[in-house]
Amino acid sequence: MLPKTLTIWASLASLAVAQSGQVVFAKNADGKFVHSTDDLDQGQRKIRGKFLHITDIHPDPYFHVGAVAEDKCHVDPDHKDSDYPDEDSELVWFRATGKKKHNHHKGKDHEKMPKAGYYGHPLSSCDGPISLMNATFDWIDQNIRDEIDFIIWTGDNVRHDNDNRYPRLEQDIFGYNQIVSSKFHELFRYNETRDGEGHNGGGDPQHPLVIPIIPSLGNNDVFPHNLYLAGPSFQSRRMLQIWSEFVPEAQQHIFSRGSYYFQEVITGKLAVISLNTLYFYKSNPMSDGCDEKTDPGYKHLVWLGVVLDEMRQRGMKVWLSGHVPPVEKNYEDSCHLKLAYWLTEYRDIIVGSVFGHMNIDHFVVMDPKKIEKAQSQDLGTPGLGYKSHVTDFLDVAISASHPVHTFGSIYKRNYIESVREDYSEIPGPKKWLDEYASNFAIAHVSPSVIPNYFPSLRVWEYNITGLGEEIGNPPHPPPSFRAWSDVLEEFERDYAQDVMDEIEVEWFDANSDVIEAEDNDGDDDEDENEDDPEMLTEEAIKEGVANINPETGTLASIFGGLKFWKSSTAVATSSEPESDDYDSDLDAERKKGKKKGKKGKKGKKGKKGKKKKGKKGKKGKKGKRDKSMPPKFPKDLQPGPAYIPQLFTPIGYTQYYANITQFNKEYKKTGASNFEYVVEYTTNDAPYNFEHLTVRNWVELARVLGKNFRDLDLEAEKSKSDQLWKVYMDRAFVGTGAEYLEEPDDD
């Protein structure tokens, strides 16, 4: 059983050491991976400068060897293997029952249809068998377990809901998230034999993980798929229980409300942020963009800003990770644009971003100004869409109906072709912000374990030169920063206050006519303060706020059910701010309106002034900085590791794949196979020949790949571009040849 909380770690000592010129790290009592100059014998692991990105495992307990792709590699529920003990058991069952053609195979001869093998069915819409998941973890254990520093795991740990004979239930969702999480726990829990002395053996739930593991929520990890509410909810609490060892204790409160968090993988130096991309996802009907404070996506971006700003102050660097990649076909327009700005305006600390979901291997060049321009030009109205509305709506429809995430191979090929067109529109160096191309950011999309093509894994390598010296010689005295729990509590409090302010403004604006009518009916000779509309407004707001229950529904995620709720309402309903930094424009407008009201008490003009006051307050509120948008990049800072080679700059990655077509044949013949992941390509080799993976290198590669669209008359360049594009397409579909398919891979 997995522990339900992280409190069992309280007795662990701080573990870490820098020795022999190598950085060593392990967990402390707070569950953080830390470094130290103290020579300890517990849980020591050298930092290798590598990490694993794994995504979209999709284990399917109903996967059946010998089944066909059109049945999602499932057999009929009344089928029994024991009756027909044959490797191709479904085919035997069909023959024995006289059902040569399946009733939903549309007249196709079942015996001639390709059958699922032991490790899966490539180039199909089938999920992966349990045998593939087990073989994948075995290979990781035997080959890279001791060579990586952390794991970014970008979700989708459950089969698709694509077969109404086997409907997914909520307990299935949690069950397989638990199973996949347990695989990581078993493999990376401290083991005395492999990881050194200091513990009583491996496998005990009280022993910590030896490296950080950072999972993200996938669109198939929720019930129903794609649909995810703002928390706290049963689902968010259950996922927190399953991921309790992955989510730092100080952030569990935030996770229960938004299912996003971060881990410091090298404390004080490097972190990984796990985004909940379902709040940005077009196919999530419970999310409506990132423009309103009541949108969970808006709050998510505000949280992201708080975390990035704090990390900038601490001198840290950070990777962003998530399930759904930031492309216009996937994201709500406002979320797409705002995230692009966050990626570029924090270019001093963001090292890169990695995603899954699409099962194909490619990268996205993000240019926020281009995105903004395209959105504003669409039908002449900002925010209505990027490029074609029709295309967006079709994409959403395909996403909802097609079993393979967004679309099948033929659609993905068309998508990749559109990516090339996007590459062709990237401007040359003369129009870049600087020589580092720092007005761009790169989102990396990794292929998946699920064998829609071939199962894949990606191992990144990053620069750790000088890291040992930095850790071994900390500044004197070391800087002191607030605890993350304090930072995040302040975020919740400030966000609740912002929403309270907006409630006041909107209430006043909606009721200003009523207030004016009551004011007109009043006696001009009465005491100046008696039944003053200003006072009536204050009392009405207090009454309205008092009726809000922040512990349930949407408001629970906004206000967080925090203990400071009463103090927050006190501040919000007071006519004077309780602190000097209270920046509500409405208070200032109230003061002005009150003075105008006194001067014009006996005339309508003065009362009209009060009516205008509400409008001014609303306008002033809108005029405040949108916290879901980043501030401008400080002029005194330089671009960071993503742009200029330095500590933590990505050096390259190795893409691995497993040719399960070959391994399926071996298993069918002998009942065993030499299953393995082998190198498909590395970014250091031809034709990329990257020395490091800076943004400029990716932008230049994209421009070469897009050359055919822009310079049709330059035959030599076109030829070079086409040759490179063929390599790119082959890698996009993991060497399966899917780019040459003429028909969709399933109906």
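FYI, residue positions are counted from 1 along the chain as it appears here.
From the backbone N, Cα and C atoms, a Cβ is placed for every residue, glycine too.
Database features (Swiss-Prot):
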- 23-747: topological domain 'Vacuolar' (TOPO_DOM)
- Asn134: N-linked glycosylation site (CARBOHYD)
- Asn191: N-linked glycosylation site (CARBOHYD)
- Asn463: N-linked glycosylation site (CARBOHYD)
- 570-640: region 'Disordered' (REGION)
- 577-586: compositional bias 'Acidic residues' (COMPBIAS)
- 626-635: compositional bias 'Basic and acidic residues' (COMPBIAS)
- Asn659: N-linked glycosylation site (CARBOHYD)
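This view paints the features noted in Swiss-Prot onto the structure.
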{"residue": "Asn134", "record": "N-linked glycosylation site", "Cβ neighbours (10 Å)": "13"}
{"residue": "Asn191", "record": "N-linked glycosylation site", "Cβ neighbours (10 Å)": "17"}
{"residue": "Asn463", "record": "N-linked glycosylation site", "Cβ neighbours (10 Å)": "16"}
{"residue": "Asn659", "record": "N-linked glycosylation site", "Cβ neighbours (10 Å)": "20"}
In three-state DSSP terms, the structure that Asn134 (N-linked glycosylation site) belongs to: helix
Cα proximity to Asn463 (N-linked glycosylation site), best match among glycosylation sites Asn134, Asn191, Asn659: Asn191
Three-state composition of the compositional bias 'Basic and acidic residues' (626-635), taking helix and strand from DSSP: 0 helix, 0 strand, 10 coil
Integer Cα-Cα distance in angstrom, Asn191 (N-linked glycosylation site) to Asn134 (N-linked glycosylation site): 20
Coarse DSSP state, helix versus strand versus coil, of Asn191 (N-linked glycosylation site): coil
Inter-residue Cα distance where the pair is Asn134 (N-linked glycosylation site) and Asn659 (N-linked glycosylation site), in Å: 16
Overall pLDDT of the topological domain 'Vacuolar' (23-747), taken as the mean: 78
Per DSSP, three-state class assigned to Asn463 (N-linked glycosylation site): coil
